[in-house]
Amino acid sequence: MVIDKSIPKATAKRLSLYYRIFKRFHADLVEKASSKQIADAMGIDSATVRRDFSYFGELGRRGFGYDVTKLMNFFADLLNDHSTTNVIIVGVGNIGRALLHYRFHDRNKMQIAMGFDTDDNPIVGTSTSDGIPIYGISSIKEQLKNTEIETAILTVQSDHAQEVADQLIASGIRGILCFSPVHLNVPKGIIVQYVDLTSELQTLLYFMNQNDTL
């Protein structure tokens, strides 16, 4: 199967949602699903589904629908969900602490392996109730050197985000999910995804206000 590596970012962001939908269909013993069924389950239009799928070659046949098991496995492969991915969290404040206790592995094969915070934080040297160790931020490179961990969640204050990101990259991290409200300057080949809760809330309020004026 030929996959177009230049897929739009909007399509890429829907991949995990498609995977979730096909897992749900599979659990409900659905064998075939039409683009309309998929679209309805995701709250988008069927033309978007067909366009998204066109980037991945022939995933189904017109009039026959999509094989649920085949597509579930396809997206599992695409998202590397057949093997466990270990992730670290840097910044164990309110957001970081909540994420430490979030059970990622219940829904996908991702798990938090370690947490990091400032060396003088009393939580350093302890472990969560799930056994996740918390280390001082100065030991990131030492803690990661004998692991294959390449992904980090960054929840530090914005004025420290770039410095910490530099440490992470120097320690072998290739992907960062950044909750800090700041743009990171990173080398080519390093992937950063931003989660801006304030921006998302403002967008929600905008659409609510637009809806009220209709």
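Each residue, glycine too, has its Cβ placed from N, Cα and C.
Nobody curates TrEMBL annotations by hand; they come from automatic prediction.
Features of the protein shown, as given by TrEMBL:
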- 17-56: DNA-binding region (DNA_BIND)
- Gly91, Val92, Gly93, Asn94, Ile95, Gly96: NAD(+) binding site (BINDING)
- 80-183: domain 'CoA-binding' (DOMAIN)
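In the shown protein chains, 24 other C-beta atoms lie within 10 A of the C-beta of Val92 (NAD(+) binding site). Break the DNA-binding region (17-56) down by DSSP state and the numbers are 28 helix, 2 strand, 10 coil. Taking the centroid of the Cβ atoms of Gly91, Val92, Gly93, Asn94, Ile95, Gly96 as the NAD(+) site, the other same-chain residues with Cβ within 8 Å of it are Ile89, Arg97, Ala98, Leu99, Asp117, Thr155, Val156.
Listed binding-site residues: Gly91, Gly93. The one with the lowest count of other Cβ atoms within 10 Å of its Cβ is Gly93. For Gly96 (NAD(+) binding site), the same-chain residues lying six or more positions away in sequence with a CB closer than 8 A to its CB are Ile89, Val90, Gly115, Asp117, Ile153, Thr155.
Each of the binding-site residues Asn94, Ile95 was scored by how many other Cβ atoms lie within 10 Å of its Cβ, and the smallest score goes to Asn94.
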